[in-house]
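**Q** Before I ask anything, here is the structure I am working with.
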């Protein structure tokens with residue numbers, strides 16, 4: 001880049017982003033002509049319209065207001081024709097009769113040249129509902145999965161867009177099916193719409209490749225610092241007529257995706273002078289650049305310190321905020337520092353000034369987690385019920401044919417699987433068979449994908465379980481906790497280990513946590529209505545302990561060949577330890593019928609939580 005384009009890091013030893021191995025895609029290289037395969041849909045190219053005149057302020061057409069009215073979430077707007085009829089206690093789902101029919105929609109063109117119909121969804125009084133709750137409730141009642149585009153609040157309403165007539169028609173079917181906590185019915189108004197603004201302005205794959213190249217020129221590998229100051233006016237972008245405005249959601253998303261894929265170890269980022277007036281679209285940087293220590297947001301349009309709440313998950317040590325309107329909100333320096341440190345307690349420098357050391361109550365000495373206390377059942381009746389259920393369940397689960405589990409699940413049961421997600425430590429190869437079905441909500445942000453990976457009805461649940469690797473569980477080492485119980489419902493979790501017995505990962509040991517919600521069954525047993533399974537690689541300690549304590553062969557009485565003295569010792573040991581006769585005999589035999597040694601071994605193993613619950617079932 002020309003000398004006049006340099007800023008923030010003035011040196012001549014600029015390097016490209018380090019080569020990184022993508023997931024299954026070989027090493028990363030900077031290739032301008034190669035399309036970005038993860039870029040998603042594209043939109044129009046450079047905008048030579050009024051959006052350039054306002055230097056990147058986001059505008060969006062509202063189909064209710066006509067094509068000339070700009071979307072501005074901060075202005076009060078009068079009610080328009082048709083809005084006044086709503087009764088707050090009776091809300092309906094309606095398609096406006098003075099607009100285009102829902103089946104026709106507003107036309108838009110995708111990158112591949114196909115035409116798409118767009119619809120704007122409006123929820124009157126939607127502002128009083130949490131976004132996650134509102135979308136999940138609509139999705140639960142909608143007959144097809146949908147992807148809400150550009151969800152936002154405007155005055156008292158909530159809005160989002162969908163991109164096809166089938167989805168719009170399905171949303172019409174949600175009429176009178178959702179009620180809030182005050183038993184008010186929630187309506188959905190559907191209008192044909194032009195494509196949402198951010199979709200129109202998505203960068204094309206070739207533009208993303210150019211942006212990637214320019215970001216590589218602005219990256220200092222020695223300092224792990226990326227300088228995106230005044231990115232829109234970058235000479236190379238201007239020369240190629242590419243308009244990258246970081247206060248547009250599509251541009252910020254493309255930029256953060258490039259960072260995530262190529263330099264997630266980034267330590268310093270300069271976003272000064274980019275006309276940023278909100279940080280909603282930047283919130284994912286917490287996951288995409290978790291090591292970030294220095295952030296420069298100076299010379300932007302941030303009006304309130306509350307915008308920083310969107311990124312307060314960053315462990316920042318240095319932050320620049322000068323020349324933002326928010327700086328004028330504070331009467332003195334101490335209140336300014338206090339407000340910022342409330343969001344970033346480890347901050348050492350603000351606007352270039354050293355801060356006094358943060359007050360910390362962190363315990364420097366290493367602390368040990370308390371030892372596991374073993375299972376908790378509440379009552380002996382519940383203990384007997386749950387242990388009997390688990391023994392029957394895992395006999396079938398480990399048999400190789402899990403079809404028999406159909407009788408363990410309710411007709412409307414649901415089930416999900418998840419595996420660990422850590423951006424700094426990607427899933428290792430030996431968990432590959434679980435990746436495609438993992439519903440880890442820390443990784444999956446799209447409601448559509450979350451919905452798809454939730455298995456509904458007992459037929460689908462058991463079909464899904466049949467596809468998982470064949471297993472052998474260490475039932476004797478299960479730790480069971482009952483967390484909730486009513487007369488009609490029981491919630492309990494199971495922790496343990498299992499071994500895969502076939503396939504590429506044969507003999508691999510896994511640890512798992514499984515949470516069951518069950519209701520009473522007609523046979524005095526349990527019927528599962530909800531099943532959540534979490535699988536991870538077993539730790540070295542878990543591998544060492546696994547299958548170490550095999551269950552003795554059950555019998556109703558002591559072995560007949562025992563001497564009278566041994567039988568008397570066995571009865572006494574069973575009474576004092578609380579274990580049944582089979583496990584008491586095993587303990588005595590393992591210690592050569594030395595009563596004192598047996599008692600000491602029992603006390604030690606019980607303190608470590610290594611005696612299974614079945615040992616106490618009589």
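Cβ coordinates come from backbone N, Cα and C, glycine included.
The model shown is predicted, which means the values in this text are computed figures rather than measured ones.
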**Q** According to Swiss-Prot, which residue out of 125, 197, 277, 336 bears the annotation 3'-nitrotyrosine?
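**A** Looking at Swiss-Prot, the 3'-nitrotyrosine feature maps to 125.
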**Q** Based on the annotations in Swiss-Prot, which residue of 14, 25, 41, 181 is described as asymmetric dimethylarginine?
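**A** The asymmetric dimethylarginine feature in Swiss-Prot corresponds to 41.
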**Q** Would you mind telling me which of 2-59, 350-407 Swiss-Prot tags as region 'Minor non-specific RNA-binding'?
**A** 2-59
**Q** With a Cβ cut-off under 8 Å, give me the same-chain residues at least six positions beyond the ends of the repeat 'LRR 2' (291-314) that come close to it.
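**A** Distant contacts of the repeat 'LRR 2' (291-314): 8, 225, 229, 264-280, 282-283, 285, 320-326, 329, 339-340, 343-344, 351, 424.
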**Q** When DSSP states are grouped into helix, strand and coil, how many residues of the repeat 'LRR 2' (291-314) land in each?
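**A** Its residues fall into 7 helix, 3 strand, 14 coil.
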**Q** What average pLDDT does the predicted model assign to the repeat 'LRR 4' (343-370)?
**A** 74
